[in-house]
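> I have a structure I would like to understand better, so I am pasting it below and will then ask my questions one at a time.
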Amino acid sequence: MASDNLTVLNALDTARTQWYHVTAVVIAGMGFFTDAYDLFCITTVSKLLGRLYYYDPATHAPGKLPHSVNNWVIGVALVGTLTGQLVFGWLADKLGRKKVYGLTLILMVICALCSGLSFGYSRKVVIGTLCFFRFWLGFGIGGDYPLSATIMSEYANKRTRGAFIAAVFAMQGVGIIFAGLVSMIVSKVFLMNFGGKAFATDEVFSTEPEADYVWRIVLMLGALPALLTYYWRMKMPETGRYTSIIEGNAKQAAIDMGKVLDIEIQAEGEKLAKFKAANEYSLLSNEFFMRHGHHLIGTMTTWFLLDIAFYSQNLTQKDIFPTMGLVSDAKNISALREMFETSRAMFVIALLGTFPGYWFTVFFIEKIGRFKIQLMGFFMMSVFMAIIGIKYDYLKTKEHKWTFAALYGLTFFFANFGPNSTTFVLPAELFPTRVRSTCHALSAASGKAGAMVSAFGVQEYTQDGNVHKIKKAMLFLAFTNMIGFCCTFLVTETKGRSLEEISGEDETQMKSNRTDSGRQDDGWD
């Protein structure tokens, strides 16, 4: 089959792992680091926003964001992410991966900075401008999903492609850790210098005036990694697959990939023309539906169901931490102390539960395969969430808080050593080059739709700490994971195969070649 594929594609598939692979992982991965930091740092500051802007003396309780405001502060970036995924995913297939890759970073830098500024003094203006800029921040973040996955899959060799794509995505785990770590450090520095009394002692000054700087600094620091990555992204050449298959420029693809691989590659203009002509079908064509319709349904449904559970875990952990005993009661601490303890708990859970799972996937994805890892992850998440839901009354007591923490951490571990990683990898491999970025965008956007179900729906059951509601939420998440387990059977294993073999692009070319040969043998030409 290799002989029927283009030389430039064979060269990419069979290339030994070298420095440019590592460079590509780092450049694409830093985007995901920034994405995760920007999306999840809001969890550490949302309670502080409630203390600062929604304190009501009549209640004699610490200020708290109203449910609708909390949902929008946390969820608006997800709405932007969904929109950005669809727009940038489509643009990457139409204009090229490289041309739109830098735009996502520029948008992320500007909007991260503006999120921290959030002009005005009244709570309505501050929250309104915060939501506005976080929507556009999410829009830029959304573009990074299909672009980073597609670029990495098209650069990688077929032996280690899954590990490289998973490594890019694993930077999400590092970003979540840093979201907790940076929030913890910044709040601790301010706490040491401006720490106030507990709310029970002084209702007004338990919310330190200087705390208004803290959340702004945390949000604005999200611009830094994106800014540092921009130069290197602009130096990356267009992927050989896009240049050759989509643009039809065999010579430029050979030159670009020859430099990257440090070898000489033959251009093959005539062979490329046949290859390109044999793969012209569009996303909405019957041929695409017959070849890849079930794959697209599979990647969209599994990512949707996964993100309902995954984002529920991350976005609601601030509500679960008090139950675990990882943070103190809000009335017994100041605003900055509450933020510090929430950030510390998030950091510990991410470091011990979230982070290892990503890298287990990186190390084992080429041995076990994407399909089995996804099945295992969905199943184990469902088991642990069902246990938490059924035994929540038992686990929430102080005597069993470490058992609770262990079970909660294991759900994170198997999310990441499971579908949270594989749902990112598979859409970058299953579809033809012409629509690869768009299909990844559709799958990722479906995931963000699931995240919005979490932000605007599941959180309603966890914000008040109501035991009965939290049990319902956990059992619901266990059920969605089991549906995800079943929907995994709509996708196929991609381990060890070239992108063209998986998508059927080289198969189409082989049929074209056989047709041409048959015509010549029959004397029609």
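Glycine residues also receive a Cβ, built from the backbone N, Cα and C atoms like all the rest.
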> Pick from 294-311, 402-419: which range has transmembrane segment per TrEMBL?
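In TrEMBL, residues 402-419 carry the label transmembrane segment.
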> Going along the chain, which residues at least six beyond the ends of the transmembrane segment (213-232) come within the CB cut-off of under 8 Å?
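Long-range Cβ neighbours of the transmembrane segment (213-232): 23, 27, 30-31, 33-34, 37-38, 41-42, 44-45, 48-49, 52, 102, 105-106, 108-110, 112-113, 115-118, 137, 182-183, 186-187, 190, 336, 339.
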> Across the domain 'Major facilitator superfamily (MFS) profile' (24-496), what does the mean pLDDT come to, as a whole number?
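A mean pLDDT of 86 is what the model gives the domain 'Major facilitator superfamily (MFS) profile' (24-496).
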